[in-house]
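J.: According to Swiss-Prot, the protein carries these features:
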ACT_SITE  50  active site, proton acceptor
ACT_SITE  61  active site, proton acceptor
């Protein structure tokens, strides 16, 4: 089974360049604007798109992504509507990989089998579920793989040699290396430490390794992407979106462009990493 994620990383490998992976929250600041943002991301330079599933108790997320989730929930975003966004995006883009990222609770409430069937039918390619450890693979990971979805796992600086094989055992698509311990959007990542960590992970897997948490600028994206198969940017995009909203927290004419412009500059940074990596 080859997914859109496998295909995209295969293409990038042939081109000799890392991926820019972008994270946006479904339904932030509202469903219509959210769809417009999703639609402009590929042209702006996003190679893979992670879509956050809003949740009331996002314990691993920093203030920016928590606030984005609250805006989305306030706008009436549900898991069903998030899958609707994916379906609407797929009407005009059948190539860009889409990964749903979030917590297990909303999926559990939706019903695992129903969720996997609906996600696959909508055009979802993979899942990142931050609060399901490998010990609970039967809950969602194994059924997701059976349904033809990639299950992408997080590795961190505290994932030691003993733990790493368990983390990687049923991982597919790519590995998401969290470059700093703590919550999203906090301190910046150290490129040389990231490089050593990526090499350590690659000794255990042939999967691409993408690095996220703490990447906010084109320079940082370039430095990190040079050490890995991709750079993941989330909080910086959410901050750009938030800065474009009006006093009531609603979208303005500048909102979609604010996100697209930042993605374009980050993409230029990541594409510049090809030379840095050689």
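The backbone N, Cα and C atoms fix where each Cβ goes, glycine too.
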J.: Write down the Cα-Cα distance for residue 50 (active site, proton acceptor) and residue 61 (active site, proton acceptor), rounded and given in Å.
T.: 14
J.: List the residues of the same chain that sit at least 6 positions away from residue 50 (active site, proton acceptor) in sequence and have their Cβ under 8 Å from its Cβ, in sequence order, or write 'none'.
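T.: The list for residue 50 (active site, proton acceptor) reads 21, 22, 23, 24, 99, 100, 101, 128, 232, 234, given in order along the sequence.
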J.: Among all the protein chains here, how many other CB atoms are within 10 A of the CB of residue 61 (active site, proton acceptor)?
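T.: There are 25 such Cβ atoms around residue 61 (active site, proton acceptor).
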J.: According to DSSP, folded down to helix, strand and coil, what is residue 61 (active site, proton acceptor)?
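T.: Once the DSSP labels are grouped into three classes, residue 61 (active site, proton acceptor) ends up as coil.
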